[in-house]
Amino acid sequence: DFSKAMSQAGTSQFQEVIRQELEYSMKVELDKILATAPSNELEHTKKDLEGFKKLFHRFLQEKGPSVDWGKIQRPPEDSIQPYEKIKARGLPDNIASVLNKLVVVKLNGGLGTSMGCKGPKSLIGVRNENTFLDLTVQQIEHLNKSYNTDVPLVLMNSFNTDDDTKKILQKYSHSRVKIYTFNQSRYPRINKETLLPIAKDVSYSGENTECWYPPGHGDIYASFYNSGLLDNLIAEGKEYIFVSNIDNLGATVDLYILNHLMNPPNGKRCEFVMEVTNKTRADVKGGTLTQYENKLRLVEIAQVPKAHVDEFKSVSKFKIFNTNNLWIALSAIKRLQEKNAIDMEIIVNPKTLDGGLNVIQLETAVGAAIKSFENSLGINVPRSRFLPVKTTSDLLLVMSNLYSLNAGSLTMSEKREFPTVPLVKLGSSFTKVQDYLRRFESIPDMLELDHLTVSGDVTFGKNVSLKGTVIIIANHGDRIDIPAGALLENKIVSGNLRILDH
């Protein structure tokens with residue numbers, strides 16, 4: 001045993017030496033990069049690289065992402081409240097004064113690349129020519145007009161989206177919404193083999209665009225604080241932010257949740273509320289809320305030991321998942337940020353660059369910080385508050401007659417008999433937005449649709465109705481044109497179907 005203990009000590013000493021060498025090499029490389037920064041960017045770049053250095057240090061210290069599976073417990077009954085219970089409390093007469101303490105923050109760092117678009121995802125048209133950003137501004141403007149309030153919108157941009165977003169913001173200059181922006185950090189991607197940055201200088205244009213990345217939405221705490229905007233909003237009397245992804249069209253300001261935060265029934269305010277909703281088979285990979293070491297904790301699939309992944313995906317054991325709609329106290333962010341006390345697990349995201357080089361980027365997720373805040377709470381909200389548009393299949397749902405649009409908010413049509421959305425799977429011919437739009441002369445009637453699968457070269461004429469389960473498969477080399485006015489109910493269509501104009 002003595003020799004075993006000695007060899008273990010030797011191994012850990014050896015690992016420590018390697019860690020120190022890697023940290024030293026990283027510091028040397030980052031100093032070289034910093035030396036190339038122009039004087040007007042020096043301070044900003046320095047903050048970014050300091051933040052990255054901390055993350056890299058933790059990455060080297062941590063023994064992999066796994067949580068100790070044995071410590072995971074179901075959250076206590078009262079730690080996840082049903083939305084109905086919170087709504088049943090009603091609203092106070094002075095809801096306007098409560099609203100005036102709120103700031104809406106949208107995570108706007110993502111590009112529309114997964115849908116074949118260049119530029120910020122928030123500028124993709126989703127409904128009647130309205131973009132994600134248009135709908136967001138309309139929602140808040142409607143709120144401010146209805147209650148005579150001043151709820152501002154804050155966009156967290158990344159270096160990828162900042163310029164394009166700022167250009168477009170001019171069009172809202174006359175709207176009744178104050179709009180602020182701040183930028184996420186810019187971190188260097190590192191070579192998977194050497195664990196050193198692939199960037200040689202600070203520039204991030206031209207061939208250097210692939211050298212840098214925005215480090216996930218967990219970066220909101222540091223960036224918001226560093227931008228000075230957090231302090232300004234606190235000085236204006238703002239108390240809570242409502243954070244959500246800009247592509248989640250269900251994430252509108254909910255007055256009942258806000259009232260619960262500002263006027264808690266037990267007199268003790270929550271610093272952090274996470275909206276969760278019931279898992280369906282489509283959500284098995286979503287992060288879930290658990291009790292871990294006496295704290296609420298978000299567990300993501302990447303942190304689950306391989307042997308337990310199937311258990312994690314089970315809808316019966318872990319019934320809810322995180323919608324990433326979060327309500328957070330501004331004073332708490334400031335306190336924790338100043339103490340350097342926000343603890344988020346590191347997500348190691350491997351990428352292969354166009355030239356074939358394997359890199360990793362170190363990221364964090366905003367919801368993972370829940371365990372650092374006092375008196376956190378989960379609220380189990382209706383599915384309608386989770387309506388993300390990640391793919392053109394999602395886009396088809398929100399563009400269809402399943403939803404009606406009112407003051408920037410989408411609501412499920414009352415004509416639909418069941419509250420769940422159909423399962424839609426569009427094949428690779430529909431992945432890019434411009435291809436998708438070309439294949440639909442008009443969006444089909446989907447009110448009575450349960451399931452749609454489309455594969456291959458398929459186009460839809462005007463005024464098509466889809467009901468029940470519809471599967472359309474054009475094999476390689478075939479093409480299917482669904483004629484205008486067609487009704488497909490519980491149909492499988494395959495082979496070749498060409499509609500010729502004569």
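Each Cβ is built from the backbone N, Cα and C atoms, and glycine gets one as well.
Noted in TrEMBL for the protein shown:
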- Lys121, Gln184, Gly216, Asp247, Lys390: UTP binding site (BINDING)
- His217: substrate binding site (BINDING)
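Residues Lys121, Gln184, Gly216, Asp247, Lys390, recorded as contacting UTP, have a largest CA-CA distance of 21 Å. Long-range Cβ neighbours of Asp247 (UTP binding site) (same chain, at least 6 residues apart, Cβ-Cβ under 8 Å): Gly110, Lys121, Ser122, Phe132, Pro388, Val389, Lys390. Annotated pair Gln184 (UTP binding site) and the residue listed as 'substrate binding site', C-alpha to C-alpha distance, rounded: 8 Å. Other Cβ atoms within 10 Å of the Cβ of His217 (substrate binding site) number 24 in total over all chains. Of all the binding-site residues listed (Lys121, Lys390), Lys121 sits in the most crowded Cβ setting, with the most other Cβ atoms within 10 Å. Sequence-distant neighbours of Gly216 (UTP binding site): residues of the same chain at least 6 apart with a C-beta under 8 Å from its C-beta are Ile347, Asn349, Glu363, Thr364, Ala365.
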